[in-house]
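> Structure provided below as structure tokens; questions to follow.
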Amino acid sequence: MQALPPKVPASVSGHGTQSRRHSLDWSHIGLPTRDRQLRTGFVPSVAVVVAIFVGLFFGLTQYTELGENAQEEVDRFYKYLVDVNIMVWIGFGFLMTFMRRYGYSAVALNYFASALMFLEAILMIGATQQVFWNQHRTKIQIDIALLIDCAFCAASGMIAFGAIIGKATPTQLLWLLFWQVPLYALNQQLVIHTFKALDMGGTIVIHLFGAYYGLAASLMISRKQPLHGLDNPKNSGAYLNDIFSMIGTIFLFIYWPSFNGALASVSAGHMEEATDAKKAAQFLSIVNTLLSLLGAGLSVFATSALVGGRFNMVHIQNSTLAGGVAMGAACTLRLTPGGALAVGLGAGAISTLGFQYLMPFLDRTIGLGDTCGVHNLHGIPAIVGTLVAGLAALGQNPDYLEHDTGAQQLGYQVLAGVVTMGIAIAGGLLGGFVVSWFNPRGEDPLTVPELFDDGPWWDHQRVEPMPISTSIHLSNMSAHGKSHHNQSVSVGQLNPIREGREIAVSGVPAAVQRPAVGEVSVTMQSAPMAASAAPVMGMNAAAASGPVDTPLFADGQAMEFAARPVQPMVAGASNV
């Protein structure tokens, strides 16, 4: 009879042997316990924000007086509000589920943050449009058109979220997006009402602003985080994750024409005095956007196969939507069908090339960790779309423009784009610096194993150990004193110290005594590899031949007789 694999001794697990499907999980040992951090950081932050909202909603808002126009308001706008909300909560939420270890947070934090920004936008955009400028009312009048504007603001926030997803704590995310709303409201006022730029679909105020705000914030948050970019093995997709992400892509594709044309209709009371251009605006927004999206879909598949030899799911999930971004500013212009199709074809190809070449280049050279590739889906296509609107204005009837001539319109389009990027980048840098520096409770920053992982924040989830190749990679970075983006990296940054012990990159304490090879089947490194990984694991050269940073049961054996998972360390507890 074949001998069964030996059991893990009770002295190692502390619980004896257990039933099948349990494994000796070292992933939390030595890592910070985040439940306290959520209670002392996130919950009070939400309480402060809610108290502000409740007070201001009671004191400064009221429903608009509709009278006989109430049903027209609903018929004119409510369908589009639903369409935009579907894009924000389902489209953007599921689009970001491509990461194999961050699906809970991608959908659920998108849910929470969108609600936060929507409520704040009612106050900020309402005050900007109705109190400080334009109408000079004493209270904010809430109508469905304002709610659509607030959904647009939430969409801009979810674009920014895509750049920092997986690298910010929930508390940091809350305050970053809270800070984004007043900047968004200010920029929208400048672009639409001061510069009178063409931007019905939000190419400038939504996509350009959200992308560069998020990228700037990501640059500040991740400047001291090793493996915050493409070289982190958890910043990658999986088969089912990519299918879920495609659900978000398809929802965004279907509803993008509604997104661009939601506010382009003319009320019945103003129909007689409206120009033909105003009457046709919503129709043009819908058909121009749809043709552009269809063109992007074709060009992305072709470009992806051309540059990679096979279809790349990242390109399909993202770049096929670039046509909607690029058409947002020009969607109300009387373009030819061929022109709208050409915009989508070009935007899709440019976005795909950005994912293939520009994104790795920026990650490698300046450490721009762009988790969801918002620079390629939103940033660059928004720049293209801003120029497309300005150039297309040169041949348009003045009725379709906000300025007297096409040349003036082109100038203000460029000015609006430059100002938007300036406000977004400055605001993102400031917000990212503050949330990464301001730490009154001394909360532990995210460690390498916790990046792009649901384990620290969600019940019944564990931090997945990092592969040994990651330890070796960081060891080489530490040995040379440089990271992949030419920033100095110290061993202290790679291995946070917790309870007086240095922690290996997989989350396993470097000094913990592993079971002997005879007691449990464990795949160990060779001596040269162990020596190479020693600096990262907190071991000196003399101890390099001791325990190494290898996931337990890496060879798939002894799983049936493994012990109960080890619980997270708490203050005062000793290692196994």
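A Cβ is built for glycine as well, from the same backbone N, Cα and C atoms used for every other residue.
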> Among the residue ranges 319-335, 506-522, 540-556, I'd like the one that TrEMBL describes as transmembrane segment.
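That would be 319-335, the stretch labelled transmembrane segment in TrEMBL.
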> Taking every residue in the domain 'Ammonium transporter AmtB-like' (49-436), what is their average pLDDT?
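Over the domain 'Ammonium transporter AmtB-like' (49-436), the predicted model scores a mean pLDDT of 95.
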> Any chance the transmembrane segment (283-307) and the transmembrane segment (374-394) have 3 or more Cβ pairs under 8 A, given the pairs are 6 or more apart in sequence?
no
> Return the stretch with the most CB pairs under 8 A relative to the transmembrane segment (243-263), choosing among 41-60, 111-132, 144-166, 414-438.
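If we count Cβ pairs closer than 8 Å to the transmembrane segment (243-263), 144-166 scores highest.
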> Tell me, please, if the transmembrane segment (204-222) and the transmembrane segment (80-99) are in contact, taking contact as 3+ Cβ pairs under 8 Å between residues separated by 6 or more positions?
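These two stretches do not touch.
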> Would the transmembrane segment (374-394) and the transmembrane segment (173-192) count as touching if the test is at least 3 Cβ pairs under 8 Å, pairs 6 or more apart?
no
